[in-house]
Amino acid sequence: MALRKGGLALALLLLSWVALGPRSLEGAEPGTPGEAEGPACPATCACSYDDEVNELSVFCSSRNLTRLPDGIPGGTQALWLDSNNLSSIPPAAFRNLSSLAFLNLQGGQLGSLEPQALLGLENLCHLHLERNQLRSLAVGTFAYTPALALLGLSNNRLSRLEDGLFEGLGNLWDLNLGWNSLAVLPDAAFRGLGGLRELVLAGNRLAYLQPALFSGLAELRELDLSRNALRAIKANVFAQLPRLQKLYLDRNLIAAVAPGAFLGLKALRWLDLSHNRVAGLLEDTFPGLLGLRVLRLSHNAIASLRPRTFEDLHFLEELQLGHNRIRQLAERSFEGLGQLEVLTLDHNQLQEVKVGAFLGLTNVAVMNLSGNCLRNLPEQVFRGLGKLHSLHLEGSCLGRIRPHTFAGLSGLRRLFLKDNGLVGIEEQSLWGLAELLELDLTSNQLTHLPHQLFQGLGKLEYLLLSHNRLAELPADALGPLQRAFWLDVSHNRLEALPGSLLASLGRLRYLNLRNNSLRTFTPQPPGLERLWLEGNPWDCSCPLKALRDFALQNPSAVPRFVQAICEGDDCQPPVYTYNNITCASPPEVAGLDLRDLGEAHFAPC
């Protein structure tokens, strides 16, 4: 199970045992006893003893053990037997370990547990049996471990649970049954678990949930039912879980959610229904979920949004609707979501967004509409979204950006318009975006930029214009961008840059001019930290001497190549990005790198 769903307690426990005490015997030779204050260590294990609190941990992990080691001290508090070849545990094998609080048996070959295998472990709090071969567990197996707080049974082969299997475990907080083969659960499967906080049933074969299944779990906070075979969620199935805060239903086969399916979940904060087959949402799908903060509905088959679907979700902060089949956003589609901060609608089939569709979303900070085919956006469509700071419109078939499209977005920081097939942006289209920091116009079909396109964008730091069809840039086009830090105009058709184009960009540090048709360039401003020049037909005559001198004096700013940083164990052969300044003329130096030309070549200059 991932740490997002209940693993935090386990992680903290593991750290505490690993860090036990000031005296560690793990580095001693096998069989070497501890110092005088500590008990002897089994020959095949290593031990860690903390004499301040009189706690002993015995580590017998990954020793190819086929039976339990002899001589485990009776006062052991933590015993690690994971990653061995134990196929069975004899009855009463731990009868002399009454102080044991932590037992790790995961990653072994256990096919079953004898009914009395855990006899004597009345103080055991954490039991890990994950990644074994367990097919069934007899009633009474856990009768000798009344203090259990965490029980890990994930990644076994359990196909059924007996009624009353967990009876008597009133102290259990965390039960992980994920990644087994459970297809049906009896009504009384969890009887006796009145104190349970987290229940993981992910990765099984459950196709049906009956309301009686969760009766008696009034303290449950987190329920993970992801990656099963559920086809529908019926009414009242969770009605007896008043304290549930997180419910994971993602990656099932859910096609229908009944009205009232989530009734009673007054404490619910997180609901994940993503990666299912939900085709529609009714107005009474989410009533009563007044505390819900996160709702994930991405990767379904939702074709439309009914009015008032979300009207009860007054405190919702994140709504994910990406990768559905929504074709239109009508006026007030999100009424009631006044606290929403993140809205994703990417990769739907949106062709039309009505003016007023986003009315009421006064707190939205991030909106993703990418991967649709909007073709055009009405003027004022984003009005009222004054707190929006990131707007994603990549791959949205926009074609043109008209004046007032972004009216009202006074707080916008990042605007992503990549891969839209844009052939034009009208001069006043970006006016009013005084707080904009990043503008991405990559991979469009722009042939020119209006003179005053960037008027009022005095805070812009990142401007990305690569992979367009720009043949020229007006001399005053970048004048307002006095805070520009990063400028990318690579992969265009630029033949020359006006001498004054970069004059006002005193803070520019990154400039990418690769793959254009430039023949000459005077490096400016002086503070450049990275300048990319590869892929241009450079005329290495006198006008280029200043560039040659700059490149030689600043090799880190104009590197000949950059090697990609490789991380992890699966590193491929090094990848190099080259930054050649290859001369196309005069003929006598064609094919040479500008930096390799000597002073004699420029003597006539």
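Quick reminder: no glycine exception, Cβ is built from N, Cα and C everywhere.
Among the candidates C60, C125, the disulfide partner that Swiss-Prot records for C45 is C60. Disulfide connectivity taken from Swiss-Prot links C583 to one of C373, C397, C540, C542, namely C540. Per Swiss-Prot, the cysteine from C397, C571, C605 that shares a disulfide bond with C542 is C605. Around the Cβ of N96 (N-linked glycosylation site), the number of neighbouring Cβ atoms within 10 Å comes to 14. Non-local neighbourhood of C605 (disulfide bond): C542, K545, each in the same chain, at least six residues away, with C-beta under 8 Å from its C-beta. Among the glycosylation sites N64, N515, the residue whose Cβ has the fewest other Cβ atoms within 10 Å is N64. Annotated pair N64 (N-linked glycosylation site) and N85 (N-linked glycosylation site), C-alpha to C-alpha distance, rounded: 6 Å. Using a Cβ-Cβ cut-off under 8 Å and counting only residues 6 or more beyond its ends in the same chain, the repeat 'LRR 13' (363-384) has close neighbours at 322, 338-355, 357, 390-400, 402-409, 416. Taking the C-alpha positions, the distance from C583 (disulfide bond) to N515 (N-linked glycosylation site) comes to 14 Å.
When the disulfide-bonded residues C41, C45, C47, C542 are compared by the number of other C-beta atoms lying within 10 angstroms of their own C-beta, C542 comes out lowest. Taking CA atoms as the reference points, C45 (disulfide bond) and N515 (N-linked glycosylation site) are 63 Å apart.
The Cβ of C60 (disulfide bond) lies under 8 Å from the Cβ of P42, T44, C45, A46, P69, L79, W80, L81, N84, each on the same chain and at least six residues away in sequence.
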